[in-house]
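K.L.:
Annotation comment: TrEMBL describes A:28-209 as domain 'MacB-like periplasmic core'. The domain 'ABC3 transporter permease C-terminal' feature in TrEMBL is assigned to A:237-349. Per TrEMBL, the feature transmembrane segment maps to A:238-258, A:278-302, A:322-341.
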Amino acid sequence: MFLAWNEMKNNKLRFTLIVGVLLLVSYLVFLLSGLANGLEDMNKAAVDKWEAQGVILTEESDVNLPQSSLSLEDYDGEGADEFASLAQISSIATSGDNKSNVALFGIHADEFIMPDITEGETFQNDNEVVADASLKEEGFELGDELQLASTEEKLTIVGFTDNAKFIAAPVLYTDLQTVHKVRYGEAAEMYKEQINAFVIRTDDLSNVDVKEALEVVDTTTFIENLPGYSEQKLTLNFMIYFLFVISAVVLAIFLYVLTIQKISIFGVMKAQGISSKYLANSVIAQTFLLAAAGVVLGFLLTMVTGFFLPDIVPIAFNYLDLLLYGIVLVFVSVLGALFSIQTIVKIDPLKAIGG
Amino acid sequence: MAVLEMKQVRKIFGSGHTEVEALKPTDFSSQQGELIAVIGPSGSGKSTFLTIAGGLQTPTSGQVFMNGTDITKLKEKQRSAIRLKEIGFVLQSSNLVPFLNVKQQMRLLDKVKKHNLPSEKLQELYQTLGIHKLLNSFPSDLSGGEKQRVAIAKALYTDPSIILADEPTASLDSDRAFEVMEMLQEITTKSNKTTIVVTHDTRLIDYCDKVYQITDGRLALQTEQAQS
């Protein structure tokens, strides 16, 4: 540490540049991680809110909620601690100049997927909805009358709830009848038993007994099959993983060049009897300090950026993930230093002193 | 007991038609308090002699004893430990770490070896070498002579039994070169060290107790002055 620290103190510009590169890499990793989380939340926040372990869908739906069509009579709660009915359609809601994609969730207000109300009240009558609070940022207010695309039905916002997005669209919670009216128009009465899924809470999904042609899907699988969810997640995660490799390679190159520049002085030190182990430890300590400084500064810059980003940017930081990514960045950076250590071990002190 | 003793040490580089005998079978012995010069032209085998004596390379055949230990039988790691404990190197080019000031050069040695010179002795050494006012200076701030004096301080700080100096005056003007040799002479006598100076500068031999000439890898005692 003594050599590492003093070298950095006396070559501030050089090492500041290295820390700067690591800062930028970690900043990008942290921002991507925040974006990945934010996008995940946008897709599944409403599902997380259920705190459910499984979903019952038709087998032919291929775990696609809108494609699943079943009847309220199809499941009686066997094997589940609790269950809730869900009818879902997607639409576009307009109120004056405000327009937004929405996911309409038809539910029974007395079942567990009814969300907590953060403002206003719960829906009591047909055509009343509790909306995700993000709609407020788009200009929607309590009491607004919503015109939905492709239907004559008008809905009224009577309450707001938070963190209720489904496939990036704010959720409107309402009763089943309203969803049927929106979906089937005048034929709603004929389809009043029709829903898309049952959401279930249970300790053991294998105990849930369903009719033929239905399947029980655990919540994780259900989320992973949301349209575009896995692809989006994989893409961002790949970017993060590549950044780990890039940071290791960048730091390895920097340290290797620095080591090459110091071959003669390392050689002289080895001639004097200073062991390769001491010199290698010094390089590792230096790499650790540089990487840790870059990661900490990258984290701080990420937090500042997060603070100033507009709410429309889907960013959500999971601090445990950030800690893990930070540790991985430091670790891969130290791995990158191994090239330099190999060089140090191979330095022949004889050549260094011109023998 | 000889501090450094070589018995029939021979060094061959290459093989077949590229074979070069850099050091012909050599016997050499040095005692405490001796300042020895090994002189010879470039390519004569001086550096080979010095690096074998310093445990930086092993001979093709023969034995090198350092305070009674045959270092030719040791592994590099063990030889490295012996170098740190027993040998102080003063090299042709400065052997100072560029990003450490004079004080830190010594502290680096504290980090890798215990039982170096006590503080008061070190201060005395600084005074003797005239570098006591340069303790916070970095190598880039020092003149050639100052660097060499700091290098000598560094070589002596670990309290080695042997000082090996490779062209220690090469980068110095005559006055500075004589000054450095006077210091080496004083330290060798006062501290009872063995100092071996490898040089092609024959002006320095007046300071030495023994002078060896090396020509085409053959080492021969040229002059031996009576101890004063």
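Glycine is no exception: its Cβ is also placed from the backbone N, Cα and C atoms.
Here the structure is a predicted model, which means the values were calculated and not measured.
Thinking about packing and proximity, how do these listed features fit into the structure?
P.N.:
Residue counts for the domain 'ABC3 transporter permease C-terminal' (A:237-349) by DSSP state, with H, G and I taken as helix and E and B as strand, are 95 helix, 0 strand, 18 coil.
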K.L.:
Below 8 angstroms Cβ to Cβ, which residues of this chain, lying six or more residues outside the transmembrane segment (A:238-258), approach it?
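P.N.:
Distant Cβ neighbours of the transmembrane segment (A:238-258) are 14, 18, 21-22, 25-26, 28-29, 32-33, 36, 283, 286-287, 290-291, 325, 328-329, 332-333, 335-340, 343.
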K.L.:
Give the mean pLDDT for the domain 'MacB-like periplasmic core' (A:28-209) on the 0 to 100 scale.
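P.N.:
Average per-residue pLDDT within the domain 'MacB-like periplasmic core' (A:28-209): 92.
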